[in-house]
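Features reported for this protein in Swiss-Prot:
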BINDING   83, 182  heme b b562 binding site
BINDING   97, 196  heme b b566 binding site
BINDING   201  ubiquinone binding site
TRANSMEM  33-53  transmembrane segment
TRANSMEM  77-98  transmembrane segment
TRANSMEM  113-133  transmembrane segment
TRANSMEM  178-198  transmembrane segment
TRANSMEM  226-246  transmembrane segment
TRANSMEM  288-308  transmembrane segment
TRANSMEM  320-340  transmembrane segment
TRANSMEM  347-367  transmembrane segment
(Lines of atoms letter the chains of each structure in order from A; the text may use other names.)
(Lines give C-alpha, C1' and ligand atoms only; values in the text may rest on other atoms or scores of the structure.)
Protein backbone atom coordinates (compact mmCIF):
# COMPACT_ATOMS: atom_id res chain seq x y z
CA UNK A 1 0.00 0.00 0.00
CA UNK A 2 1.34 3.43 -0.98
CA UNK A 3 2.04 5.79 1.91
CA UNK A 4 -0.87 8.17 2.64
CA UNK A 5 1.50 11.10 3.20
CA UNK A 6 2.47 10.90 -0.49
CA UNK A 7 -1.07 10.73 -1.86
CA UNK A 8 -3.39 12.72 0.42
CA UNK A 9 -3.76 16.26 -1.06
CA UNK A 10 -3.06 18.02 2.27
CA UNK A 11 -0.46 15.60 3.60
CA UNK A 12 1.36 15.74 0.28
CA UNK A 13 2.01 19.48 0.70
CA UNK A 14 3.38 18.95 4.22
CA UNK A 15 5.38 15.92 3.07
CA UNK A 16 7.04 17.85 0.23
CA UNK A 17 7.85 20.75 2.56
CA UNK A 18 9.02 19.03 5.76
CA UNK A 19 9.59 15.29 5.24
CA UNK A 20 10.76 14.20 1.77
CA UNK A 21 12.21 17.61 0.88
CA UNK A 22 15.65 17.15 -0.73
CA UNK A 23 18.09 19.25 1.33
CA UNK A 24 21.83 19.96 0.86
CA UNK A 25 23.85 17.61 3.06
CA UNK A 26 26.18 20.34 4.33
CA UNK A 27 23.97 23.17 5.61
CA UNK A 28 25.19 24.47 8.98
CA UNK A 29 23.36 25.65 12.10
CA UNK A 30 22.91 29.08 10.47
CA UNK A 31 20.13 27.37 8.48
CA UNK A 32 18.23 26.65 11.73
CA UNK A 33 16.87 30.18 12.08
CA UNK A 34 14.09 29.77 9.49
CA UNK A 35 12.38 27.08 11.55
CA UNK A 36 13.09 29.03 14.77
CA UNK A 37 11.31 32.05 13.26
CA UNK A 38 8.33 29.81 12.53
CA UNK A 39 8.39 28.63 16.15
CA UNK A 40 8.63 32.24 17.41
CA UNK A 41 5.66 33.23 15.24
CA UNK A 42 3.52 30.37 16.59
CA UNK A 43 4.48 31.24 20.20
CA UNK A 44 3.73 34.94 19.68
CA UNK A 45 0.33 34.21 18.15
CA UNK A 46 -0.62 31.83 20.99
CA UNK A 47 0.59 34.03 23.87
CA UNK A 48 -0.88 37.09 22.13
CA UNK A 49 -4.24 35.37 21.80
CA UNK A 50 -4.40 34.68 25.54
CA UNK A 51 -3.31 38.25 26.33
CA UNK A 52 -5.99 39.64 24.01
CA UNK A 53 -8.63 37.75 26.04
CA UNK A 54 -7.88 39.98 29.06
CA UNK A 55 -6.62 43.21 27.46
CA UNK A 56 -8.81 46.27 26.85
CA UNK A 57 -7.75 48.65 24.05
CA UNK A 58 -8.98 51.82 25.73
CA UNK A 59 -6.81 54.68 27.00
CA UNK A 60 -8.50 54.72 30.41
CA UNK A 61 -8.13 50.97 31.09
CA UNK A 62 -5.27 49.66 28.88
CA UNK A 63 -2.50 50.16 31.45
CA UNK A 64 -4.52 48.71 34.33
CA UNK A 65 -5.67 45.77 32.17
CA UNK A 66 -2.00 44.82 31.65
CA UNK A 67 -1.44 45.14 35.42
CA UNK A 68 -4.54 42.96 35.94
CA UNK A 69 -3.10 40.33 33.56
CA UNK A 70 0.14 40.26 35.56
CA UNK A 71 -1.51 40.18 39.00
CA UNK A 72 -4.87 38.42 38.76
CA UNK A 73 -4.86 36.15 35.71
CA UNK A 74 -3.51 32.61 36.28
CA UNK A 75 0.08 32.68 35.01
CA UNK A 76 -0.76 36.00 33.34
CA UNK A 77 2.64 37.45 34.26
CA UNK A 78 4.27 34.45 32.56
CA UNK A 79 2.24 34.81 29.36
CA UNK A 80 2.88 38.57 29.27
CA UNK A 81 6.66 38.23 29.68
CA UNK A 82 6.82 35.29 27.27
CA UNK A 83 5.15 37.54 24.71
CA UNK A 84 7.38 40.57 25.40
CA UNK A 85 10.64 38.60 25.45
CA UNK A 86 9.39 36.38 22.63
CA UNK A 87 9.48 39.50 20.45
CA UNK A 88 13.16 39.98 21.35
CA UNK A 89 13.93 36.34 20.49
CA UNK A 90 12.01 36.82 17.23
CA UNK A 91 14.26 39.73 16.23
CA UNK A 92 17.46 37.95 17.30
CA UNK A 93 16.50 35.04 15.01
CA UNK A 94 15.41 37.46 12.28
CA UNK A 95 18.72 39.35 12.25
CA UNK A 96 20.71 36.08 12.36
CA UNK A 97 18.62 34.77 9.45
CA UNK A 98 19.25 37.93 7.38
CA UNK A 99 22.96 37.89 8.30
CA UNK A 100 23.20 34.28 7.11
CA UNK A 101 21.52 35.28 3.84
CA UNK A 102 24.00 38.11 3.31
CA UNK A 103 27.07 36.02 4.17
CA UNK A 104 26.25 32.99 2.06
CA UNK A 105 24.65 34.80 -0.89
CA UNK A 106 21.14 33.42 -0.32
CA UNK A 107 19.81 36.76 -1.67
CA UNK A 108 20.41 35.41 -5.17
CA UNK A 109 17.03 33.67 -4.78
CA UNK A 110 15.38 37.00 -5.58
CA UNK A 111 11.69 36.18 -5.00
CA UNK A 112 12.46 34.49 -1.68
CA UNK A 113 14.70 37.41 -0.66
CA UNK A 114 12.16 40.12 -1.60
CA UNK A 115 9.35 38.40 0.30
CA UNK A 116 11.81 38.12 3.20
CA UNK A 117 12.34 41.91 3.14
CA UNK A 118 8.55 42.36 3.07
CA UNK A 119 8.31 39.99 6.06
CA UNK A 120 10.93 42.03 7.93
CA UNK A 121 8.95 45.25 7.37
CA UNK A 122 5.70 43.58 8.47
CA UNK A 123 7.28 42.15 11.64
CA UNK A 124 8.76 45.57 12.45
CA UNK A 125 5.34 47.20 11.98
CA UNK A 126 3.74 44.55 14.22
CA UNK A 127 6.34 45.05 16.96
CA UNK A 128 5.93 48.83 16.78
CA UNK A 129 2.12 48.84 17.13
CA UNK A 130 2.38 46.14 19.82
CA UNK A 131 4.72 48.29 21.91
CA UNK A 132 2.03 50.99 22.07
CA UNK A 133 -0.60 48.69 23.62
CA UNK A 134 0.49 48.64 27.32
CA UNK A 135 -0.05 52.45 27.24
CA UNK A 136 2.94 53.30 29.41
CA UNK A 137 5.03 56.46 29.00
CA UNK A 138 7.38 54.95 26.40
CA UNK A 139 4.41 53.41 24.54
CA UNK A 140 2.71 56.79 24.22
CA UNK A 141 5.77 58.88 23.42
CA UNK A 142 7.26 56.24 21.11
CA UNK A 143 4.01 56.22 19.14
CA UNK A 144 3.92 60.03 19.07
CA UNK A 145 7.53 60.45 17.90
CA UNK A 146 7.55 57.68 15.27
CA UNK A 147 4.14 58.46 13.73
CA UNK A 148 5.10 62.15 13.71
CA UNK A 149 7.96 61.32 11.34
CA UNK A 150 5.40 60.92 8.57
CA UNK A 151 4.70 64.66 8.81
CA UNK A 152 8.07 65.11 7.06
CA UNK A 153 6.45 63.92 3.81
CA UNK A 154 5.93 67.06 1.70
CA UNK A 155 2.39 68.38 1.15
CA UNK A 156 0.40 65.40 2.54
CA UNK A 157 2.49 64.75 5.69
CA UNK A 158 0.39 66.49 8.36
CA UNK A 159 -2.90 65.19 6.95
CA UNK A 160 -1.46 61.66 6.82
CA UNK A 161 -0.32 61.78 10.47
CA UNK A 162 -3.73 63.01 11.68
CA UNK A 163 -5.41 60.30 9.57
CA UNK A 164 -3.27 57.60 11.23
CA UNK A 165 -3.89 59.10 14.69
CA UNK A 166 -7.63 59.39 14.10
CA UNK A 167 -7.50 62.84 15.70
CA UNK A 168 -5.08 65.64 16.52
CA UNK A 169 -2.88 63.57 18.83
CA UNK A 170 -2.16 59.98 19.84
CA UNK A 171 -5.34 59.10 21.72
CA UNK A 172 -8.15 56.57 22.16
CA UNK A 173 -8.71 56.12 18.40
CA UNK A 174 -4.99 55.49 17.85
CA UNK A 175 -4.80 52.83 20.56
CA UNK A 176 -7.89 51.02 19.24
CA UNK A 177 -6.64 50.89 15.65
CA UNK A 178 -3.13 49.86 16.74
CA UNK A 179 -4.68 46.94 18.64
CA UNK A 180 -6.59 45.97 15.48
CA UNK A 181 -3.36 46.15 13.43
CA UNK A 182 -1.44 44.19 16.04
CA UNK A 183 -4.07 41.45 15.93
CA UNK A 184 -4.29 41.13 12.12
CA UNK A 185 -0.62 41.54 11.11
CA UNK A 186 0.69 38.21 12.55
CA UNK A 187 -1.78 36.35 10.32
CA UNK A 188 -0.55 38.33 7.31
CA UNK A 189 2.99 37.40 8.40
CA UNK A 190 1.96 33.72 8.52
CA UNK A 191 0.60 33.92 4.95
CA UNK A 192 3.75 35.71 3.73
CA UNK A 193 5.94 33.10 5.46
CA UNK A 194 4.08 30.36 3.56
CA UNK A 195 4.77 32.18 0.26
CA UNK A 196 8.41 32.69 1.37
CA UNK A 197 8.68 28.91 1.85
CA UNK A 198 6.88 28.22 -1.46
CA UNK A 199 9.44 30.26 -3.41
CA UNK A 200 12.34 28.73 -1.46
CA UNK A 201 11.17 25.22 -2.36
CA UNK A 202 11.09 26.18 -6.05
CA UNK A 203 14.89 26.48 -6.00
CA UNK A 204 15.85 24.43 -2.95
CA UNK A 205 18.14 25.66 -0.16
CA UNK A 206 21.49 27.34 -0.68
CA UNK A 207 24.48 25.92 1.24
CA UNK A 208 27.65 27.34 2.86
CA UNK A 209 29.81 26.87 -0.26
CA UNK A 210 27.34 28.66 -2.53
CA UNK A 211 27.89 25.86 -5.08
CA UNK A 212 24.82 23.96 -6.44
CA UNK A 213 24.26 20.87 -4.32
CA UNK A 214 21.89 18.94 -6.60
CA UNK A 215 24.24 15.95 -6.70
CA UNK A 216 24.36 15.60 -2.91
CA UNK A 217 20.93 15.91 -1.28
CA UNK A 218 19.47 14.17 1.77
CA UNK A 219 15.83 13.99 2.97
CA UNK A 220 14.79 16.74 5.38
CA UNK A 221 13.39 14.15 7.82
CA UNK A 222 14.96 12.79 10.01
CA UNK A 223 18.27 14.65 9.51
CA UNK A 224 17.13 18.26 9.68
CA UNK A 225 14.00 17.72 11.77
CA UNK A 226 16.21 16.51 14.63
CA UNK A 227 18.63 19.39 14.02
CA UNK A 228 15.75 21.88 14.12
CA UNK A 229 14.45 20.35 17.36
CA UNK A 230 17.88 20.93 18.95
CA UNK A 231 17.77 24.57 17.81
CA UNK A 232 14.23 24.89 19.16
CA UNK A 233 15.35 23.56 22.56
CA UNK A 234 18.11 26.19 22.71
CA UNK A 235 15.60 28.90 21.76
CA UNK A 236 13.05 27.78 24.38
CA UNK A 237 15.77 27.48 27.05
CA UNK A 238 17.03 31.03 26.34
CA UNK A 239 13.49 32.44 26.28
CA UNK A 240 12.56 30.73 29.56
CA UNK A 241 15.78 31.91 31.24
CA UNK A 242 15.08 35.47 30.09
CA UNK A 243 11.41 35.32 31.12
CA UNK A 244 11.86 33.68 34.51
CA UNK A 245 15.09 35.31 35.73
CA UNK A 246 15.29 38.79 34.16
CA UNK A 247 11.91 39.52 32.50
CA UNK A 248 12.54 43.28 32.39
CA UNK A 249 16.15 43.17 31.19
CA UNK A 250 15.29 44.30 27.65
CA UNK A 251 12.32 46.52 28.54
CA UNK A 252 12.19 50.20 29.47
CA UNK A 253 11.43 51.20 33.10
CA UNK A 254 9.49 54.23 31.78
CA UNK A 255 6.81 51.87 30.51
CA UNK A 256 5.82 51.10 34.11
CA UNK A 257 4.57 54.69 34.37
CA UNK A 258 1.09 55.18 32.86
CA UNK A 259 1.02 57.31 29.69
CA UNK A 260 0.91 61.04 30.42
CA UNK A 261 0.69 63.45 27.45
CA UNK A 262 1.78 66.33 29.74
CA UNK A 263 5.11 64.83 30.82
CA UNK A 264 7.81 63.83 28.34
CA UNK A 265 10.33 61.12 29.39
CA UNK A 266 13.97 62.27 29.53
CA UNK A 267 15.08 59.90 26.77
CA UNK A 268 12.56 58.64 24.25
CA UNK A 269 13.84 55.46 22.62
CA UNK A 270 12.32 52.37 21.00
CA UNK A 271 12.93 48.72 21.98
CA UNK A 272 16.52 47.49 21.49
CA UNK A 273 15.81 45.83 18.13
CA UNK A 274 14.98 49.19 16.51
CA UNK A 275 17.87 51.16 18.02
CA UNK A 276 20.21 50.79 15.01
CA UNK A 277 17.59 52.35 12.70
CA UNK A 278 16.75 54.99 15.33
CA UNK A 279 20.46 55.94 15.51
CA UNK A 280 20.56 56.38 11.72
CA UNK A 281 17.40 58.51 11.90
CA UNK A 282 18.88 60.76 14.61
CA UNK A 283 22.27 61.11 12.93
CA UNK A 284 20.83 63.36 10.21
CA UNK A 285 19.91 66.87 11.45
CA UNK A 286 17.16 67.25 8.81
CA UNK A 287 13.73 65.71 9.49
CA UNK A 288 12.96 64.51 5.94
CA UNK A 289 16.58 63.41 5.43
CA UNK A 290 16.46 61.40 8.64
CA UNK A 291 13.20 59.68 7.66
CA UNK A 292 14.62 58.79 4.22
CA UNK A 293 17.82 57.41 5.79
CA UNK A 294 15.71 55.37 8.23
CA UNK A 295 13.66 53.89 5.37
CA UNK A 296 16.72 53.28 3.23
CA UNK A 297 18.56 51.54 6.08
CA UNK A 298 15.99 48.72 5.81
CA UNK A 299 15.02 48.95 2.12
CA UNK A 300 18.70 48.77 1.10
CA UNK A 301 18.28 44.99 1.52
CA UNK A 302 16.17 44.94 -1.68
CA UNK A 303 19.17 46.23 -3.67
CA UNK A 304 21.66 43.67 -2.32
CA UNK A 305 21.21 41.20 -5.24
CA UNK A 306 21.89 44.04 -7.72
CA UNK A 307 25.11 44.93 -5.89
CA UNK A 308 26.54 41.41 -6.29
CA UNK A 309 29.78 41.81 -8.28
CA UNK A 310 31.60 38.68 -7.12
CA UNK A 311 31.94 35.57 -9.29
CA UNK A 312 31.42 33.50 -6.15
CA UNK A 313 28.06 33.38 -4.44
CA UNK A 314 29.14 32.72 -0.85
CA UNK A 315 31.70 34.57 1.27
CA UNK A 316 33.10 31.23 2.48
CA UNK A 317 36.19 31.54 0.25
CA UNK A 318 36.46 35.36 0.22
CA UNK A 319 38.48 36.56 3.24
CA UNK A 320 38.37 40.29 2.32
CA UNK A 321 34.58 40.25 1.95
CA UNK A 322 34.38 38.38 5.25
CA UNK A 323 36.34 41.18 6.92
CA UNK A 324 33.90 43.78 5.56
CA UNK A 325 30.90 41.66 6.57
CA UNK A 326 32.05 41.45 10.19
CA UNK A 327 32.86 45.18 10.08
CA UNK A 328 29.22 45.70 9.07
CA UNK A 329 28.05 43.59 12.04
CA UNK A 330 30.29 45.60 14.40
CA UNK A 331 28.93 48.81 12.86
CA UNK A 332 25.33 47.69 13.46
CA UNK A 333 26.16 46.85 17.09
CA UNK A 334 27.72 50.32 17.45
CA UNK A 335 24.57 51.91 15.99
CA UNK A 336 22.42 49.87 18.40
CA UNK A 337 24.46 51.18 21.33
CA UNK A 338 24.35 54.79 20.03
CA UNK A 339 20.55 54.60 19.55
CA UNK A 340 20.15 54.05 23.30
CA UNK A 341 22.40 56.98 24.29
CA UNK A 342 21.36 60.63 24.81
CA UNK A 343 21.86 63.11 21.95
CA UNK A 344 25.11 64.74 23.09
CA UNK A 345 28.83 64.74 22.34
CA UNK A 346 30.55 62.30 21.60
CA UNK A 347 27.54 60.09 20.76
CA UNK A 348 26.32 62.39 17.96
CA UNK A 349 29.52 62.21 15.92
CA UNK A 350 30.00 58.47 16.57
CA UNK A 351 26.42 57.87 15.37
CA UNK A 352 27.00 59.95 12.24
CA UNK A 353 30.24 58.13 11.40
CA UNK A 354 28.63 54.72 12.03
CA UNK A 355 25.67 55.69 9.80
CA UNK A 356 27.97 56.79 6.96
CA UNK A 357 30.01 53.59 7.33
CA UNK A 358 26.83 51.46 7.19
CA UNK A 359 25.79 52.79 3.77
CA UNK A 360 29.39 52.99 2.53
CA UNK A 361 30.04 49.32 3.36
CA UNK A 362 26.94 48.03 1.58
CA UNK A 363 26.87 50.36 -1.43
CA UNK A 364 30.57 50.94 -2.15
CA UNK A 365 33.13 48.91 -0.22
CA UNK A 366 31.65 45.40 -0.49
CA UNK A 367 30.98 45.51 -4.27
CA UNK A 368 34.45 47.02 -4.88
CA UNK A 369 36.25 44.42 -2.76
CA UNK A 370 34.32 41.68 -4.58
CA UNK A 371 35.69 42.98 -7.90
CA UNK A 372 39.23 43.00 -6.46
CA UNK A 373 38.75 39.39 -5.30
CA UNK A 374 37.67 38.43 -8.83
CA UNK A 375 40.95 39.86 -10.14
CA UNK A 376 42.94 38.01 -7.45
CA UNK A 377 41.41 34.72 -8.66
CA UNK A 378 43.28 35.12 -11.96
CA UNK A 379 46.69 35.36 -10.27
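Even glycines carry a Cβ here, placed using N, Cα and C.
Feature map: annotations from Swiss-Prot on the structure.
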| residue | record | DSSP (3 states) |
| --- | --- | --- |
| 83 | heme b b562 binding site | helix |
| 97 | heme b b566 binding site | helix |
| 182 | heme b b562 binding site | helix |
| 196 | heme b b566 binding site | helix |
| 201 | ubiquinone binding site | helix |
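Sorting the binding-site residues 97, 201 by the number of other Cβ atoms within 10 Å puts 97 first. Long-range contacts of the transmembrane segment (347-367) within the same chain: residues 279-280, 282-284, 293, 296-297, 300, 304, 307-309, 321, 324-325, 327-328, 331-332, 334-335, 338-339, 341, each at least 6 residues beyond the stretch ends and with a Cβ under 8 Å from a Cβ of the stretch. Below 8 angstroms of C-beta separation, residues 55, 57, 62, 66, 87, 90-91, 94, 97-98, 101, 106-107, 139-140, 142-143, 146, 170, 174-175, 178-179, 181-182, 185-186, 188-189, 192-193, 195-196, 199, 270-271, 273-274, 298-299, 301-302, 304-305 of the same chain, each at least six residues beyond the ends of the transmembrane segment (113-133), sit close to that stretch. Ranking the binding-site residues 83, 97, 182 by Cα distance from the residue listed as 'ubiquinone binding site' puts 97 first. Counting C-beta pairs under 8 angstroms (sequence separation of 6 or more), the transmembrane segment (226-246) fails to reach the transmembrane segment (320-340), with fewer than 3 such pairs. Counting every protein chain shown, 21 other Cβ atoms lie within 10 Å of the Cβ of residue 182 (heme b b562 binding site). The two recorded residues, residue 182 (heme b b562 binding site) and residue 196 (heme b b566 binding site), show a Cα separation of 21 Å.
Distance noted between the C-alpha atoms of residue 97 (heme b b566 binding site) and residue 83 (heme b b562 binding site) is 21 Å.
Listed in sequence order, 44, 47, 48, 51 are the same-chain residues at least 6 apart in sequence whose CB falls under 8 Å from the CB of residue 83 (heme b b562 binding site).
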